[in-house]
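Taking it in order: structure first as structure tokens, then the write-up.
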Amino acid sequence: MKLAVYSTKQYDKKYLQQVNESFGFELEFFDFLLTEKTAKTANGCEAVCIFVNDDGSRPVLEELKKHGVKYIALRCAGFNNVDLDAAKELGLKVVRVPAYDPEAVAEHAIGMMMTLNRRIHRAYQRTRDANFSLEGLTGFTMYGKTAGVIGTGKIGVAMLRILKGFGMRLLAFDPYPSAAALELGVEYVDLPTLFSESDVISLHCPLTPENYHLLNEAAFEQMKNGVMIVNTSRGALIDSQAAIEALKNQKIGSLGMDVYENERDLFFEDKSNDVIQDDVFRRLSACHNVLFTGHQAFLTAEALTSISQTTLQNLSNLEKGETCPNELV
């Protein structure tokens, strides 16, 4: 099978090539996004492999179909960028990687949490300038505080497992409670309760039409003053404009974002010599109590190996006509 891989970085290529030694697919790597204009580059390929910011809308899928593509392989868990109804109508099979390394994402979320709490990012900059003052670096002891986790799939449960080690009270919201979470002593509550009682809130849920801007002005108003929020899931779970206002009035004490709702034209690229045109992003990133990372929570050697293995195994199952447990349509 010939496979066109879009949005490729060197780390993608390295691990896909290593894992492909066991599969023998013909891999063609492209460093640009899949769009309606670039879909023609998949000509002659039976499958395409895409990531979070590639375009899987109906026009793109129709173009891929014209060029003989049969399979769409997402090398990520989220699939909100793919029109599944259109794929089904066109007879295209879509597969994903539902769980690759939950601990990798959870550990990154914890890293953001600790960095924000103890102002490590600010201390790093100060000490580089020989400024060893501790003024303005006071954090809080996490032991005994309340953590609210929204979404208790594998990543959410991994997060809860770590937070339990901090000695925190654990609250969670998910329409489908997890037995693994309950075993950790997690208390499932409704969103208003989670918002009002949590000192720290961490998002670990997929993006759906129902939870778009889940954290909006109304949600922020229900939260404790000075709440910490960390998002390693999907950017559009947070209303960025409302977050700015909540930061200004100190409702949000600190905000960690590994994802951003308009990240498509920013993340995964070197923009250090560019003038960022996104004014909302610029306002957020200018805040000393906001920490951005560029959608890197998944980026460990173990996770990249797992993603590559599952992606190619999914395609192998489809090629052989076997049942694929990760098939969406």
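Even glycines carry a Cβ here, placed using N, Cα and C.
Remember, it's a predicted structure, so these values are computed and weren't measured experimentally.
Cross-referencing Asp129, Asp190, Asp258 against the NAD(+) binding annotation in Swiss-Prot, which names Lys154, Ile155, Asp174, Cys205, Pro206, Asn211, Thr232, Ser233, Arg234, picks out Asp258.
Among the recorded positions Asp174, Thr232, His295, the ones whose Cα is located within 10 Å of the Cα of Glu263 (active site) are His295. Counting every protein chain shown, the number of other Cβ atoms lying within 10 Å of the Cβ of Thr232 (NAD(+) binding site) is 27. According to DSSP, Lys154 (NAD(+) binding site) is assigned to a helical segment.
As a whole number, the greatest separation of Cα atoms within the NAD(+)-binding residue list Lys154, Ile155, Asp174, Cys205, Pro206, Asn211, Thr232, Ser233, Arg234, Asp258 is 21 Å. Cβ neighbours within 10 Å of Lys154 (NAD(+) binding site), excluding its own Cβ and spanning all shown chains: 19.
In this structure, Thr232 (NAD(+) binding site) belongs to neither helix nor strand by DSSP; it is coil. For the pair Pro206 (NAD(+) binding site) and His295 (active site, proton donor), the Cα-Cα distance reads 15 Å.
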